[in-house]
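Read the structure below first, then the notes.
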Amino acid sequence: MTISPPEREAKKVKIVVDRNPVVTSFEKWAKPGHFSRTLAKGPTTTTWIWDLHADAHDFDSHTTDLEDISPKIFSAHFGQLGVILIWLSGMYFHGARFSNYEAWLSDPTHIKPSAQVVWPIVGQEILNGDVGGGFQGIQITSGFFQLWRASGITSELQLYSTAIGGLLLAAAMFFAGWFHYHKAAPKLEWFQNVESMMNHHLGGLLGLGSLGWAGHQIHVSLPVNKLLNAGVDPKEIPLPHEFLLNRDLMAQLYPSFAKGLTPFFTLNWAEYGDFLTFRGGLNPVTGGLWLSDTAHHHVAIAVLFLVAGHMYRTNWGIGHSMKEILEAHKGPFTGEGHKGLYEILTTSWHAQLAINLALFGSLSIVVAHHMYAMPPYPYLATDYGTQLSLFTHHMWIGGFCVVGAAAHAAIFMVRDYDPTNNYNNLLDRVIRHRDAIISHLNWVCIFLGFHSFGLYIHNDTMSALGRPQDMFSDTAIQLQPVFAQWIHKTHALAPGLTAPNALASTSPSWGGDVVAVGGKVAMMPISLGTADFLVHHIHAFTIHVTVLILLKGVLFARSSRLIPDKANLGFRFPCDGPGRGGTCQVSAWDHVFLGLFWMYNSISVVIFHFSWKMQSDVWGNVTAQGVSHITGGNFALSSNTINGWLRDFLWAQASQVIQSYGSALSAYGLIFLGAHFIWAFSLMFLFSGRGYWQELIESIVWAHNKLKVAPSIQPRALSITQGRAVGVAHYLLGGIATTWAFFLARIIAVG
């Protein structure tokens, strides 16, 4: 018999809470800055309001006790979920109360989605455009209509019911947030029981969550969509509970339902192949993924995660221990490997958050790319405005999450990292050879920058000199993306070779036939050429520069040759004195600030590339003569010069937003103008010196004193860090809103 050493013993799952730890009281709400001794005294200068905003959610600065911080974060998560559910409920309510959903459902190829009707105040009703079916409203591009159809919603009453359900759930979340902070707050020990947490999140959240969704897809979505696709009037379609209770009704659509669970228990699972399919490709009626494929996918995911939910060792002595896994993770060149990482991840929520943000951001970017190649919902692919919006939205979300990951990794380094617990493990080894990492990364950025832009500059020069035969293009000197083309080809051939059971490849974008719905292209093979090769190297360049800035911020967060005691100065500090050749803009916070601008560069190039490529090579109308694309295939011809991007993309496609005045799209014209102003306003904060403003303020205060109208709260210029924060916020807001107006006015007008 083997006796386990004590550290191998299972961590018993115990519910450990503090009863009534914090009194429920509104007193604190009446005292702004109650969390800080200095702020609670009230304002003496205008800096107070900025510090209040900067520190209100920085729980680390309120108390250093993790036992106190953890339930605060936990409780805040419930509040966050409550806010999300109220927002979601609002979306469903708009669908029920102000939308043309039922009309759209009856004719999704000709009627456009709208869920907002503007009141006739000072002529604003001009925004209510004709979206078809006799409905006037603002065309929406959020994809909710397509999502609702995919989930089997056939009436506005169902949307009302779901909206009310969302509000009830929100109330439950707000109650839980209050209860788990004021009545029964979990102890730190509970948050640190990672094996139990992994089992519950993997098995419960992802496993049972996917299983529940698969059940809904099979019992509600599939029958409803099958009837809708066959042209049955939504009002004639049975209600969801009828499909659930009446097996004969289901068996008419899916014969295997008549056999019940017999095939499941006799392991004759192929019987269920009529509703759990493995077709691949898109449904030619709707232009979306086969819903029977996505139901199959969710069943498979559920099985996978239900197994994963039993993987970690808790009350029974079987399964993995997270600490053991991490400490076993070492190779011949990695020193102590991941020893010490378990302690980091159970005591630093910043480290935990950094990893989650990095993964979540990457996932969002993966989602952006799947949404157009494999549109998951019916009639999504032919709604070009929604396709462009969803791609752009998921790219921005991904970019912000990745920068947030670097921010919290740097906060971890400054506030939570303990060098004594991390001797010669992988983290320590990375930090010790950070100079080699950063200098190599810097070299890569310089190489990529000069070479990728160099190719464009060469083309612009040759074009200006009238020497098209000397340009890099598909018709002159070719730089074909051979690896990408090979990947396309491999995936296009997969159904016959590597995926023998699939009837079609995962996406028509790899190759094959055009999928058209109602005469519009849903998806078709996307050919790659020299122009794509060029812009992909710009992507490589901008992404590497973003990583350089963010990684340098993390690796040099605690110390550098310039400022060895950086850790003592904190996460954000403006400068460290005038000596040493300049010590400003070196804090970890400043690296996040600078990284945001390069993240913005990266994402802008990606969404511009996507928008133009799709309009040029994919989106358009199918006629007897073939496919007529929106911009007629000009991407390959024009996008290989910088001048082409400026003239044939930005300028040519801005005509719709610039000329939108007096039409239903005029709001986009105003947003385009206003957002440019917000962007320009940011430059006032970014290109200015604090001393200039302080001097100006003091002369204005002098004038007020002369007139005896001086305020009791002394005005002060923004600190350097505050100015930069205001600057970057307006820069990003202005830039994103400008892009939004430009994209939507264009695609709604021509798409």
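In case you wondered, yes, glycine gets a Cβ from its N, Cα and C as well.
According to Swiss-Prot, the transmembrane segment annotation covers 73-96 (among others), on the basis of sequence analysis. Away from its own ends, the transmembrane segment (73-96) comes close to residues 59, 115-116, 142, 144-145, 148, 156-157, 159-160, 162-167, 169-171, 173-174, 176-178, 180-181, 185-186, 191, 349 of its chain (Cβ-Cβ under 8 Å, at least six residues beyond either end).
Annotation comment: Swiss-Prot describes 159-182 (among others) as transmembrane segment, evidence class sequence analysis.
The transmembrane segment annotation in Swiss-Prot covers 198-222 (among others). Here the transmembrane segment (198-222) has Cβ contacts under 8 Å with residues 150-152, 240, 243-244, 250, 253-254, 275-276, 291-292, 294-295, 298-299, 301-302, 304-306, 308-312, 314, 322 of the same chain, all six or more residues outside its ends.
Annotation comment: Swiss-Prot describes 294-312 (among others) as transmembrane segment, evidence class sequence analysis.
Beyond the ends of the transmembrane segment (349-372), by six or more residues, the same chain brings 69-70, 73, 380-381, 387, 390-391, 393-395, 397-402, 404-409, 411-412, 415-416, 523, 610, 614 to within a C-beta distance below 8 angstroms of the stretch. According to Swiss-Prot, the feature transmembrane segment maps to 349-372 (among others).
Sequence annotations record features per position, and here Swiss-Prot assigns transmembrane segment to 388-414 (among others) based on sequence analysis.
Residues or ranges marked as transmembrane segment in Swiss-Prot: 436-458 (among others).
Taken from Swiss-Prot, the feature transmembrane segment covers 533-551 (among others), and the record attributes it to sequence analysis.
Following the DSSP three-state reduction, the secondary structure of C584 ([4Fe-4S] cluster binding site) is coil. Cβ contacts within 10 Å of C584 ([4Fe-4S] cluster binding site), excluding its own Cβ and spanning all protein chains shown: 13. Summarising the annotation, Swiss-Prot assigns [4Fe-4S] cluster binding site to C575, C584.
Outside the transmembrane segment (591-612), and at least 6 residues removed from its termini, the chain residues within Cβ reach (under 8 Å) are 372, 388, 391-392, 395-396, 398-400, 402-403, 406-407, 410, 535, 538-539, 542-543, 545-546, 549-550, 552-554, 585, 631, 635, 639, 645, 649-650, 653, 724-725, 728, 731-732, 735, 739, 743, 746-747. According to Swiss-Prot, the transmembrane segment annotation covers 591-612 (among others).
Same-chain neighbours of the transmembrane segment (665-687): 126-127, 129, 656-659, 718, 723-724, 726-731, 733-738, 740-742, 744-745, 748-749, counting only residues six or more beyond its ends whose CB sits under 8 Å from a CB of the stretch. Feature annotation from Swiss-Prot assigns transmembrane segment to 665-687 (among others); the stated evidence is sequence analysis.
In the three-state DSSP scheme, H676 (chlorophyll a' binding site) falls into the helix class. The annotation chlorophyll a' binding site is assigned in Swiss-Prot to H676.
The number of other Cβ atoms within 10 Å of the Cβ belonging to M684 (chlorophyll a binding site), over all protein chains shown, comes to 13. Residues or ranges marked as chlorophyll a binding site in Swiss-Prot: M684, Y692.
DSSP gives W693 (phylloquinone binding site) a helix state. With a 10 A radius on its CB, W693 (phylloquinone binding site) counts 17 other CB atoms from all the protein chains. Residues annotated as phylloquinone binding site in Swiss-Prot, with sequence analysis given as evidence: W693.
Annotated transmembrane segment per Swiss-Prot: 725-745 (among others), in sequence order, evidence recorded as sequence analysis.
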Cα-nearest neighbour of M684 (chlorophyll a binding site) within the listed binding-site residues, C575, C584, H676, W693: W693
C575 ([4Fe-4S] cluster binding site), number of other Cβ atoms within 10 Å: 15
Euclidean distance between Cα atoms of C584 ([4Fe-4S] cluster binding site) and Y692 (chlorophyll a binding site), Å: 17
Spatial neighbours, same chain, of H676 (chlorophyll a' binding site) - Cβ under 8 Å, 6+ residues apart: G734, T738
Between W693 (phylloquinone binding site) and C575 ([4Fe-4S] cluster binding site), the C-alpha gap once rounded to whole angstrom: 18
Number of Cβ atoms other than its own within 10 Å, given for Y692 (chlorophyll a binding site): 10
